[in-house]
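Enquirer: After the structure tokens below, expect a handful of questions from me.
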Amino acid sequence: MINLKIGQKLQLEIERMGINGEGIGVISGRLVFIPYALPGEEVLVEITENARNFSRAKLVKIIEKSPNRVKPQDRAYHEMSQSHIMHLSYPMQLEFKRDVMRQALEKYKPAGWRNYELRATLGMENTLGYRNKLQFQVRRLNDGTVIAGLYQEGTHHLVNLDNCLVQDPKTQEIINHICRLIEKFDLPVYDERKIGGIRTVMVRRSQKTGEVQIIFVTSTPIILDGQVWPELREEPSKRQKNSFVKFDKMLSALTEEFEEIVTVAVNFHPRKTSEIYGERTQILFNEKETITEGVLDYEFELSPRAFYQLNSEQANVLYGEAVKALNPKKDDRVIDAYCGVGTIGFAVAKKVKSVHGMDITPESIFDARENAKRLGLKNCHYEIGKAERIIPNWNKSGHRATAMIVDPPRTGLDDALLETITKFPPEKMVYVSCNVSTLAKDLVVLANFYKVEYIQSVDMFPHTARTEAVVKLTKRDEPLKIVKFEHLEEERKAEAFAKGKKRGRRPQKYGKY
């Protein structure tokens with residue numbers, strides 16, 4: 001195998017795209033990953049990193065351009081994330097996202113994977129302005145200018161996103177105005193080295209009603225109407241007081257400028273961690289404590305901290321596909337794991353005997369219960385906690401599920417939940433995935449107990465390498481093999497350790513597109 005040196009320039013042809021959207025070329029049997037390069041292109045690249053089995057390079061020049069290459073519309077495109085694919089025509093983005101699923105299956109090889117039906121990705125007509133929520137870090141530059149945006153991938157460089165084209169225009173307008181108000185009222189802004197103040201701002205807008213809710217995350221207490229929150233146990237020093245965020249003028253100016261704002265909250269997060277939120281949240285302004293959103297044929301309420309899909313338009317497509325895959329029957333007893341505010345469960349509640357959901361976020365379960373009441377769904381029951389703890393209790397109390405919906409975070413299903421599912425397998429199951437790699441990994445276990453009927457890819461995030469998928473699973477008459485979960489857990493821990501050791505750093509939890 002050829003030895004490549006850092007800084008070495010070479011010419012190669014791009015053969016395919018990798019799971020993160022990068023182009024992949026091969027030189028003397030060695031894989032080279034090049035962000036922003038497309039299949040079929042002849043490119044000049046410069047080697048930036050060498051690992052044992054592959055190299056990474058940056059694109060220097062496109063010698064022969066792909067007919068599928070288009071000019072990115074977003075001026076901050078190359079700074080935001082190397083997994084963006086705005087340079088690829090949209091029809092080919094959809095095909096790429098189906099291929100990403102194929103690559104993940106080929107890597108993990110769950111039982112029968114070659115015969116899985118991979119359906120064409122369901123895309124959008126308008127691929128800009130689709131993100132209903134932003135969660136931007138805030139920083140003050142040396143000249144006093146306040147910017148808001150996201151960290152450049154793998155760095156602590158904050159990219160100023162003052163005109164992000166995939167963001168809902170109203171949320172973008174509001175965050176830009178917030179930055180100007182912070183400057184105007186000289187409010188303290190967080191600096192991870194020495195200064196406390198505002199560190200993150202979340203703005204979410206309902207696509208159904210236009211209502212807006214905002215969360216300010218601060219590392220220091222706030223002052224509103226002369227009151228300090230959170231309450232302090234001892235008198236603060238003068239230096240500490242100077243870092244307190246005086247919210248009176250900001251709150252008045254913001255709510256007067258934007259009549260769409262119905263909720264403003266503050267979250268106190270004093271610790272120096274990469275977690276976005278702290279444990280305590282206080283409502284500052286509440287014309288309404290929730291916003292009203294809609295999906296399929298019903299409406300529901302969302303608290304500021306509750307989870308909901310970032311793309312409201314495609315959420316209709318995603319949840320519609322989930323309902324279709326479940327094929328609900330009147331005698332079905334459904335478990336909605338990772339239920340959030342209950343959105344998928346509500347879509348089937350009137351067609352089944354019962355829906356039992358759980359989530360670890362208290363705000364989400366509160367919203368789920370209130371939404372169920374408002375919708376008149378008396379057959380819905382929700383609990384706070386982990387599925388692997390709650391499901392066995394439900395089984396003991398007589399609620400043995402015949403159908404299950406899982407919609408886990410990007411980390412996939414917890415091993416304990418996988419074990420619980422295999423001990424109490426429902427007759428049918430729908431897996432809604434936001435990470436094809438962890439989906440394929442989970443199918444290694446699930447495919448022993450369930451037949452994969454099909455996988456339907458849904459494009460929730462146009463112009464990024466991310467995709468979501470709905471998997472229809474039907475219980476097998478007999479398991480293909482018995483899975484030893486103690487070995488599975490050891491293997492995954494070893495894999496995670498090796499990945500972390502190879503990267504040489506802890507993964508960033510700050511948001512990126």
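From the backbone N, Cα and C atoms, a Cβ is placed for every residue, glycine too.
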Enquirer: For the S-adenosyl-L-methionine site that Swiss-Prot gives with Gln309, Asp359, Asp407, which of Tyr277, Tyr338, Tyr431 also belongs there?
Expert: Tyr338
Enquirer: Taking DSSP as the reference, which of helix, strand or coil describes Asp359 (S-adenosyl-L-methionine binding site)?
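Expert: Where Asp359 (S-adenosyl-L-methionine binding site) sits, the three-state DSSP reduction gives strand.
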Enquirer: With an 8 Å cut-off on Cβ distance to the Gln309, Tyr338, Asp359, Asp407 Cβ center, who else from the chain surrounds the S-adenosyl-L-methionine site?
Expert: Phe307, Cys339, Gly340, Thr343, Ile344, Pro408, Pro409, Val432
Enquirer: Kindly report the helix/strand/coil residue split of the domain 'TRAM' (3-61) according to DSSP, in that order.
Expert: 0 helix, 36 strand, 23 coil
Enquirer: With every protein chain in view, how many other Cβ atoms are within 10 Å of the Cβ of Tyr338 (S-adenosyl-L-methionine binding site)?
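Expert: Taking all protein chains shown, Tyr338 (S-adenosyl-L-methionine binding site) has 23 Cβ neighbours within 10 Å.
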Enquirer: For Asp407 (S-adenosyl-L-methionine binding site), list the number of other Cβ atoms lying within 10 Å of its Cβ atom.
Expert: 25
Enquirer: Per 10 Å Cβ neighbour count, which of the recorded positions Asp359, Cys434 ranks highest?
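Expert: That would be Asp359, with the highest Cβ count within 10 Å.
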Enquirer: Please give the maximum pairwise Cα distance, in Å and rounded to a whole number, for the S-adenosyl-L-methionine-binding set Gln309, Tyr338, Asp359, Asp407.
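Expert: Overall maximum Cα spacing for these binding residues reaches 15 Å.
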